[in-house]
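Colleague: The structure under discussion is supplied below as structure tokens; questions concerning it will follow.
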């Protein structure tokens with residue numbers, strides 16, 4: 001059975017970098033998928049779905065639920081690794097519920113933990129506006145992305161706390177410290 005770890009955090013929290021490094025350090029057993037990267041890759045293909053994704057992401061809005069869930073489940077099931085890290089999901093209560101429903105309806109994947117990389121809004125803003133990855137990284141869009149992240153956060157945290165799978169990690173430290181703590185935590189579940 002595959003072990004799933006969801007890594008959430010504000011734009012600029014470092015969640016993608018953290019997950020990439022953990023997967024790289026444990027390449028035999030851990031696969032990492034960034035929801036953002038999966039959606040950007042689809043968008044770059046300029047397919048009908050890709051253009052639809054681009055329409056939403058260029059405005060800092062959420063991509064429709066069915067496209068996101070389909071993309072994530074496809075990535076999990078096609079992976080040959082036993083531990084799967086997915087960052088940037090869930091970003092809404094609806095995404096959380098849709099994934100929970102799908103996970104409950106099968107026995108190939110078990111959700112082990114939801115890890116939130118916590119950073120202040122100022123840190124997130126400095127990191128995002130400093131990296132300028134694309135057209136979606138300007139200040140107005142940052143504030144929209146921050147709102148989209150914060151609006152459902154309390155409900156998402158409570159849902160996973162009630163399931164006893166929520167863990168918060170301080171994202172204001174060095175990458176080495178964050179990755180070290182997160183990796184140790186993930187590996188503590190065994191195989």
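Glycine too: its Cβ is placed from the backbone N, Cα and C atoms.
Since this is a predicted model, take the numbers as computed values, not measurements.
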Colleague: When Swiss-Prot marks a stretch as region 'NMP', which of 4-33, 34-63 is it?
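Modeller: The range carrying the region 'NMP' annotation in Swiss-Prot is 34-63.
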Colleague: Using Swiss-Prot as the reference, determine which range in 116-122, 123-129, 130-136 is annotated region 'LID'.
Modeller: 130-136
Colleague: Just to confirm my parser: what is the rounded mean pLDDT across the region 'LID' (130-136)?
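Modeller: Mean pLDDT for the region 'LID' (130-136): 61.
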Colleague: Of these binding-site residues, 13, 17, 35, which scores lowest on Cβ atoms within 10 Å?
Modeller: 17
Colleague: Counting only residues 6+ away from its ends, which parts of the chain sit with a Cβ under 8 Å from the region 'NMP' (34-63)?
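Modeller: Distant Cβ neighbours of the region 'NMP' (34-63) are 16, 19-20, 71-72, 75, 86-89, 91-92, 95, 135-136, 141-142, 144-145, 148.
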Colleague: Hey, how far is residue 63 (AMP binding site) from residue 16 (ATP binding site), Cα to Cα, in Å?
Modeller: 18
Colleague: Give me the Cα-Cα distance between residue 91 (AMP binding site) and residue 14 (ATP binding site), rounded to a whole Å.
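Modeller: About 16 Å separates the two Cα atoms.
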Colleague: 15, 173: which of these binding-site residues has the sparsest Cβ neighbourhood within 10 Å?
Modeller: 173
